[in-house]
Amino acid sequence: MSSFNPTTKTNEAMQAALQQASSAGNPDIRPAHLLAAILEQTDGVAAPVLMATGVDPKEILAEAKKLVASYPKASGANMANPNFNRDALNAFTAAQELAGELGDEYVSTEVLLAGIARGKSDAADLLTNKGATYDAIKEAFPSVRGSQRVTTQDPEGQFQALEKYSTDLTKLAREGKIDPVIGRDQEIRRVVQVLSRRTKNNPVLIGEPGVGKTAIVEGLARRIVAGDVPESLKGKTLISLDLGSMVAGAKYRGEFEERLKAVLDEIKGANGEVVTFIDELHTIVGAGASGESAMDAGNMIKPLLARGELRLVGATTLNEYRKYIEKDAALERRFQQVYVGEPTVEDAIGILRGLKERYEVHHGVRIQDSALVAAAELSNRYITSRFLPDKAIDLVDEAASRLRMEIDSSPQEIDELERIVRRLEIEEMALSKESDAASKERLEKLRSELADEREKLSELKARWQNEKTAIDDVREMKEELEALRSESDIAERDGNYGRVAELRYGRIPELEKQIEDAESKVEVNENAMLTEEVTPDTIADVVSAWTGIPAGKMMQGETEKLLNMERVLGNRVVGQLEAVTAVSDAVRRSRAGVADPNRPTGSFLFLGPTGVGKTELAKAVAEFLFDDDRAMIRIDMSEYGEKHSVARLVGAPPGYVGYDQGGQLTEAVRRRPYTVVLFDEVEKAHPDVFDILLQVLDEGRLTDGQGRTVDFRNTILILTSNLGAGGTREQMMDAVKMAFKPEFVNRLDDVVIFDRLSPEQLTSIVDIQIKQLTDRLAGRRLNLRVSDSAKAWLAERGYDPAYGARPLRRLIQQAIGDTLAKELLAGNVRDGDGVLVDVADGGQKLDVSRAV
């Protein structure tokens, strides 16, 4: 034993054997203990070696455990630390000799297995009787460890390294587990051209996230399987290397490098038969480097890449390629760039049509072609931060998922009936305890009603179950059809043309006819409780859920609401018909789809004296659209008086404090692209601030400090100003031309001038202000009644042409609010009381008192 040099796994097996013998009460450790310990290792090499000899390792393990259980038991002080018996020591000696023959520096578990088989023990007999003889085990070594020698204490991590740390894409394609790739022929052809070169045959796919870089490699795998590639790639294996699993669990320095070296040696040993794919290629830069070492994965593969010994396909985004790969010129020159651009909307629709059947089978629903068109068009218009076709595929996937959830959930009609039945059952239990005649009569009626409702419920449940079963049957048939098509393709590749003919001209057409009949039965039922078809409206609902933008068709209620928008806004903003009409027209244009899709929904400059409703109209629009007057982005331009403050809107430039935080305007719009943006008191801002708004007003876009494009096409931009207040319309327009550059004014949809408020209009504003005060008092259940004479008194004293409606708000606060607060604190008015406001002292003041 002094010369026995075990690997880490062998050492672990010896410790496990000792533990087994000790816990079983065996006086010594025998080869059966070692055999059981070796085969119990989850990531050991002995089990794959046995499988290569045609023996089931689980069966051997079970038999070895039976042998251990049959050994004699003893008790005493030495039982805690049993020794290896002669047979076990002979096995170690045989294993050490075999390791020397193989040129191994350490004894690994599969060599110890051969040592056990060579001896004369019950464990050796067990292996030999099952067919795992010493010679058979020895011959099986190359299938697991190749031509590698054991030169480290952890060689098992290097055996079958390619199988452990990669995924065989060609195998997945052969099994039909890869989605079809539509289009991208030019990019795939370019990848094949680069792979066919003699040296530097390493294409790298670069493009924005979500444009289909990984899909191109999967498309190449499908083509290799179909034989639709040049001779230089026919029959090759395309594997996807998983650097994450290679790094995971590498505890000691150099362990990652050992694993990577084993993978590279295995690829090199395949003599060009293996093409390697690394997704997120930039991760190889720095992977495995530790401390002072510069030997990362990128540097390890450079020589192989240059010599053409490693055919590598990479995929990474533009930013990460620039950040990691381009910095290392020696690594960059070994790759050939293949740029993958974003597909057009038409191309994206083609891609969706190719994937449609896969998603129909997975979700068990049908997807209309018009829904695919809507997904491509709506995602292109409204989801600007992501790229086609990924965002369109996600829309279709989520819409189908939403529909499937509705099919699996109980319909609304059944839910409502179940609630009614539960309520009636509770009433029945309560009435059954009463003994008076009225209660008994009511109980009889209730039982009759309950029986009717239960019957209705059972009918509805039966209908729902039948419809659900019909939809599920179609889904199962589609799954079977896909499996048969995959089987047909495999049979064709294997040359089994009899089976191909049987499937393609027999079972597949028969199943297609059954699916067609089943789907037509589902369609015939017009009063169906369930819908199993994804429509453009379903897609639009998902877009609305993602972005908050109402992209779907307008319902009847919304149409009427939009047609009456002036009246709704006019109830809150009095006497400004021109402004209300301009904003209402902009919103209607947007919802009807006739607005320019490349500009904001509307951009307005509101001019007029203070207190006439400029800011109030912006709040009213926000309340109309979002049912909350605070649901808008408000930028107080008085805070942007200095030139440098423009950076606060779009975010600080690189190198400045706050660069990573984004801008106050751009971040807010990025989070809520469908909103009202109010720039209040614009004349107080520095003139340079308006230069950044030029692109927003004209193109509906703005680039923030981090280079991201923010979409303003679904916003309503409102700028308010007091410029020229008090002058005529012409004087106000002249003041605007003096204050703002012509290119800024020219980009606005409209410059709306607010008129001064008349005394008559102030009377209407009194009602609005009183209603707001009443709403604030609702929490204390106070019923506020203001007499007509008190309203007239407020309108008369609150009118000031120079200050608009704001003096009226202050007057209501002083004349009613202050007095009411004192009455509440004194206890003269309590929660739930009525409060009367009337004129007192001959019209000198208002009296606020508890209503009798």
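Any Cβ shown, glycine's included, is placed from N, Cα and C.
Copied over from Swiss-Prot, here are the features:
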type	residues	note
DOMAIN	1-147	domain 'Clp R'
REGION	6-71	region 'Repeat 1'
REGION	84-147	region 'Repeat 2'
REGION	160-342	region 'NBD1'
BINDING	Gly207, Glu208, Pro209, Gly210, Val211, Gly212, Lys213, Thr214	ATP 1 binding site
REGION	343-548	region 'Linker'
COILED	393-527	coiled coil
REGION	558-756	region 'NBD2'
BINDING	Gly608, Pro609, Thr610, Gly611, Val612, Gly613, Lys614, Thr615	ATP 2 binding site
REGION	757-852	region 'C-terminal'
Among the binding-site residues Gly210, Gly212, whose Cβ has the fewest other Cβ atoms within 10 Å?
Gly210
Could you check if the region 'NBD1' (160-342) is in contact with the region 'NBD2' (558-756), meaning 3+ Cβ pairs under 8 Å among residue pairs at least 6 apart in sequence?
no
Based on DSSP, name the secondary structure state of Thr214 (ATP 1 binding site): helix, strand or coil.
helix
About how far apart, in whole Å, are the alpha carbons (Cα) of Gly207 (ATP 1 binding site) and Lys614 (ATP 2 binding site)?
46
Between the Cα atoms of Glu208 (ATP 1 binding site) and Gly611 (ATP 2 binding site), what distance do you get, rounded to the nearest Å?
49
With Cβ-Cβ distance below 8 Å and at least 6 positions apart along the chain, what are the contacts of Pro209 (ATP 1 binding site)? List them in sequence order.
Thr317, Arg386, Phe387, Asp390
Val612 (ATP 2 binding site) has how many other Cβ neighbours within 10 Å of its own Cβ?
28
Minimum Cα separation from Gly212 (ATP 1 binding site), reported as the residue among binding-site residues Gly608, Pro609, Gly611, Val612, Lys614 that achieves it:
Lys614
Three states by DSSP: which one describes Gly207 (ATP 1 binding site)?
coil
Candidate nearest Thr214 (ATP 1 binding site) in space, where candidates are the binding-site residues Thr610, Val612, Gly613, Lys614 and distance is Cα-Cα:
Lys614
Give me the DSSP three-state residue breakdown of the domain 'Clp R' (1-147), ordered helix, strand, coil.
100 helix, 6 strand, 41 coil
Fewest other C-beta atoms within 10 angstroms of its own C-beta: which of the binding-site residues Gly608, Pro609, Gly611, Gly613 fits that?
Pro609
According to DSSP, which of helix, strand or coil covers Lys614 (ATP 2 binding site)?
helix
All-chain count of other Cβ atoms within 10 Å of Lys213 (ATP 1 binding site):
25
ATP 1 site, defined by Gly207, Glu208, Pro209, Gly210, Val211, Gly212, Lys213, Thr214: further same-chain residues with Cβ within 8 Å of the Cβ centre:
Ala315, Thr317, Val340, Glu342, Phe387, Asp390
